[in-house]
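Notes follow the structure.
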Amino acid sequence: MVITRALMEGEIDDDGRAKRTGNSLTATTHIITVVIGAGVLALAYAMAQLGWIAGIATMLAFAVISTFTYNLVADCYRFPDPVTGKRNYTYMQAVKAYLGGTMYVFCGLVQYTKLAGITVGYTITSATSLVAIKKAICFHKEGHQSYCKFSNNPFMIGFGILQIFLSQIPNFHELTWLSTIAAITSFGYAFIASGLSLSLIVSGKGQPTSITGTSIGPELSAEDKVWRVFSSLGNIALAANYSTVIFDIMDTLKSDPPENKQMKKANVMGVTAMTILFLLCSGFGYAAFGDHTPGNILTGFYEPFWLVALGNTFVVIHMIGAYQVMAQPFYRIVEMGANMVWPESDFINKEYPTKVGNIRINFNLFRLVWRTIFVILSTILAMAMPFFNEILSLLGAIGFWPLVVFFPIQMHITQRQIKKRTLKWCMFQLLSFVCFLVTVTAIAGSVHGISQDLHKYKLFSYRQ
């Protein structure tokens, strides 16, 4: 009776939760905040490999495909009817509702593998930026002809130690402040990188560029050029992907007008803004450095050293928060599984209230041991393979086809009951197959790049 009265008075929504107040504009800001991340820093390198024509065309193609498939996802927030059906709070829940248990497991494997892998990528990114700060200071003090190469390992270890402490935060919702700071800093370093690139171009110090990208010659064979192009597809795929949070965004929307209509509008506005920003960042970066565009655009600048240091500091702050945003859902699924298998175990389930100063926290032995081991393993992997572009490309490739294309299309086919071998069904399958080929080529390019780097550098001995 209380719930019915509250529902009638507009205090709660149809699922008994607090009234949602989000709209298409707030959803758009969430999308932009999510996609402005570490992947943006690799886009100039991707543009350099692809060249002006293929680079711009590829980014536009990813934008069109993403908008189309995310609009399909918008109709799957509710089941079975996109307007009046039961809400799906997570991507996996929607897949289970529309496609069943087998696809649910496959979706979970892809999603949580990507989340775990991203923690390795963020550890590499933070260390790369910290070394870039040290190099900028070194060049500023000693001159640009000085030897200023440093190991990433001490910075990765320090980052890992910090993440061990932050990982003990038991509840994802307690990370809101960290996520907010991370989002603000992500805009900071994206605009600093673009501004520094633009200043080089305006001052006449920009390098020659080409419509076909990096030139084949003594420094780059035709075969390596092809592999780099493949890997660049993964870098663009990672930057344009917000599939892991799309259901979280939809769950903030008010129900009138219907969530799917608001989300479709937000997808168009968000992806349009994202694409414009990506084209500016990648275009300015390529025009500034030409064939020698660095993998992480911020590492190509050393002056003004204070602004370079500020931009890289923003990157590190963002990575600290983003690591936890990505890791916490992975922690939670493992801990839920352990709780189901050993429900009577005090080691896994017992909470010990502890007071640190004026702050009261719940201490759990399993959480301490398991999360610490995970952070140590991700840090060791990052130290063994500190290859910024290749790792980010691999992560982008892994998530693109399954999460951005395959599941949205299959859920849409089920929802609309599209019959096999009809023209519409064939067109959907063709799109899915083409995107599958893109994912496979991007994975192949990334793995080839990692393999080459492992042969070039000794394990744990990479210096930047």
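Just so you know, glycine gets a Cβ as well, placed from its N, Cα and C.
Matching 150-169, 230-249, 330-349 against TrEMBL, the residues noted as transmembrane segment span 150-169. Taking every recorded stretch in 52-73, 118-138, 268-289, 430-450 and counting its Cβ pairs under 8 Å to the transmembrane segment (305-326), the highest total belongs to 118-138.
By the Cβ criterion (under 8 Å, sequence separation of 6 or more), the transmembrane segment (268-289) is not in contact with the transmembrane segment (368-385), since fewer than 3 such pairs are found.
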